[in-house]
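Per TrEMBL, these features apply:
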| type | residues | note |
| --- | --- | --- |
| TRANSMEM | 38-61 | transmembrane segment |
| DOMAIN | 51-487 | domain 'Major facilitator superfamily (MFS) profile' |
| TRANSMEM | 121-141 | transmembrane segment |
| TRANSMEM | 148-167 | transmembrane segment |
| TRANSMEM | 173-194 | transmembrane segment |
| TRANSMEM | 206-229 | transmembrane segment |
| TRANSMEM | 235-254 | transmembrane segment |
| TRANSMEM | 316-335 | transmembrane segment |
| TRANSMEM | 347-364 | transmembrane segment |
| TRANSMEM | 376-393 | transmembrane segment |
| TRANSMEM | 399-425 | transmembrane segment |
| TRANSMEM | 437-457 | transmembrane segment |
| TRANSMEM | 463-483 | transmembrane segment |
Amino acid sequence: MLVHEEIEQNESAELKQLTYDEALTQVGGAGLYQKRAFLIFGLQWMITNWILFSPVFFFIVPTVDCKNNAECLSQCTSESLDDKCLTYVCDDSQRREFVVGESLNTAFNALLPCNKSLQSIIKSIVYIGSLSGFFLFSFIADNYGRKLALSISWGMTTIGSLLLAFAINYSMIAIGIFFLGFGGNPAITVHYSFINEHSQGHFREIQNVGVQVFFALGEFTIITLAYFITKWRWLAISVALPTILLNFCNFLIFESPQFLYSKNKKKCVKVLNQIAKINGTQPLRINELASNPQSKENNSRVYTIWDLLKYKSLRYVFIAGVMMFFAIQVTYYGISFVSDQLGLDFFLSNFIIAFFELLAYATTDFFITKLNRKKNIIGGFFIVGIMSLYFIFKSDHIVFRIFQGVLAGLMRFLICFVWALAYVYVSELFPSVVRSLALCLISAGGSIGSIAQAFLINVCASINIHPMVAFGLIGFLCSLLLFPLRETLHQPLLEKIEEDEKRIKKSMLHVNESEEITTSIPVLGNKEQ
């Protein structure tokens with residue numbers, strides 16, 4: 001009788017075991033810990049904006065002061081360094097004394113615009129660094145931990161900021177800018193895995209877009225800094241200081257408990273209890289959390305890009321995601337780099353663009369819990385494509401130029417709205433075991449777009465087409481690939497790859513059937529007796 005009661009109690013205890021989501025609800029999925037992590041992530045997003053947009057301000061086009069030189073005045077009819085004036089100045093090194101500026105274009109007693117190819121490479125190298133970093137840190141995040149990937153990537157960002165701040169030649173500049181992209185962009189992408197795995201409910205969705213509000217604030221602050229700090233080195237030091245300090249904030253971030261749940265139940269419970277302590281909620285006992293049937297397999301399994309291409313349930317989603325981010329970043333970064341072609345003051349154009357960006361992220365953050373992901377992303381691309389057609393026309397009229405600036409701001413609003421939704425959408429499309437890998441590699445595809453825009457601008461200039469037209473067309477074409485994808489609004493997050501989940505269920509069913517057959521044999525024997 002006592003044995004029977006003990007068996008019933010054990011069975012009852014097993015039935016009461018919590019799933020990972022239930023365990024996270026118990027310790028708090030939107031408590032003080034999540035809010036603390038969100039603030040740290042937000043600050044890292046803000047500084048990463050400085051990193052990604054600093055090339056725009058490090059390479060402000062210098063002006064010309066002919067100093068009453070008749071020959072110079074005949075070639076350079078205004079203070080702007082146009083193509084005719086640049087050719088004149090570059091033909092003779094002594095004429096470079098007419099060029100005035102304190103950006104990297106005139107650093108180290110050189111005039112970088114005289115070598116447009118080198119200038120394009122250095123401007124784009126931050127995005128080449130991002131592309132390289134995505135491949136490395138996505139692998140680390142999904143196989144060795146989100147926190148390890150975050151700590152190393154932000155450390156690389158710090159090294160890059162120091163190299164840039166104390167550079168003595170263009171080689172150090174290039175290496176420093178490379179490391180800024182190599183660490184910074186992958187670091188903020190890993191944040192999405194943390195947010196989706198240690199947060200719940202509407203607060204999870206709000207955080208996913210909220211970090212991008214910090215990103216927009218970063219754009220306002222870097223424009224303001226660049227306006228008042230005209231010397232590139234002091235601007236670089238201003239970027240380096242907060243980058244260094246934010247390394248210490250990473251010690252306040254715990255490893256993703258859902259990542260640990262797929263690897264080691266004991267470590268998962270330990271982190272959940274650390275979260276519970278900060279949130280002031282009820283801790284867990286280790287036997288309260290149900291075991292993950294895939295944890296033993298995941299301990300030895302290494303996920304790579306091949307897994308995203310091998311499985312039918314992931315393959316098309318991955319390819320469509322890459323093209324979506326490619327189109328977003330071509331347009332997003334392209335708008336900033338052609339801000340000097342909008343007919344308005346350089347800083348005024350950037351402030352207008354930054355205002356629309358902040359408005360886009362704040363609006364999206366407010367409505368994110370109600371917005372359909374797929375329909376709004378496709379619709380955003382279509383409208384940007386239609387708006388870009390305005391730039392086919394040309395005029396020097398002040399009203400036309402003002403409208404160009406406003407239209408560029410509206411395009412930035414829409415592409416930021418699309419980008420904010422796209423990050424949420426992609427993180428919801430992929431299961432947790434490959435979420436960081438997919439996010440980082442899809443962002444790598446986006447980095448190809450951010451690299452391509454610098455060269456696309458030069459190509460458009462050579463064929464006399466405004467780059468905005470090309471940006472809009474690319475977005476329209478890439479959006480067509482999104483139609484077959486599923487909607488994820490109010491859908492539960494996936495934990496396992498669909499094919500693996502089916503295989504495990506089939507294997508467990510086979511084991512249960514085998515056990516039933518084995519237990520029925522003695523019963524048959526008793527009947528025969």
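Each Cβ is built from the backbone N, Cα and C atoms, and glycine gets one as well.
Counting Cβ pairs under 8 Å that are 6 or more residues apart, the transmembrane segment (437-457) and the transmembrane segment (206-229) reach fewer than 3 and are not in contact. Counted as Cβ pairs under 8 Å, contacts with the transmembrane segment (206-229) are highest for 38-61 among 38-61, 235-254, 347-364, 399-425. Here the transmembrane segment (173-194) has long-range neighbours at 37, 41, 44-45, 47-48, 51-52, 54-55, 104, 107, 121-122, 125-134, 136-138, 141, 146, 149-150, 152-165, 167, 208, 211, 215, 253, 256, 259, 423, 427, 432, 435-436, 439-440, 443, 447, meaning same-chain residues at least 6 beyond its ends whose C-beta is under 8 angstroms from one of its own. Listed as Cβ neighbours of the transmembrane segment (148-167) (distance under 8 Å, sequence separation of 6 or more from its ends, same chain) are residues 44, 48, 51, 129, 133, 137-138, 140-141, 173, 175-184, 186-187, 190-191, 194, 233, 236-237, 239-240, 243-244, 246-247, 250, 253, 436. The stretches the transmembrane segment (399-425) and the transmembrane segment (235-254) are not in mutual contact, being linked by fewer than three Cβ pairs under 8 Å (pairs 6 or more apart in sequence).
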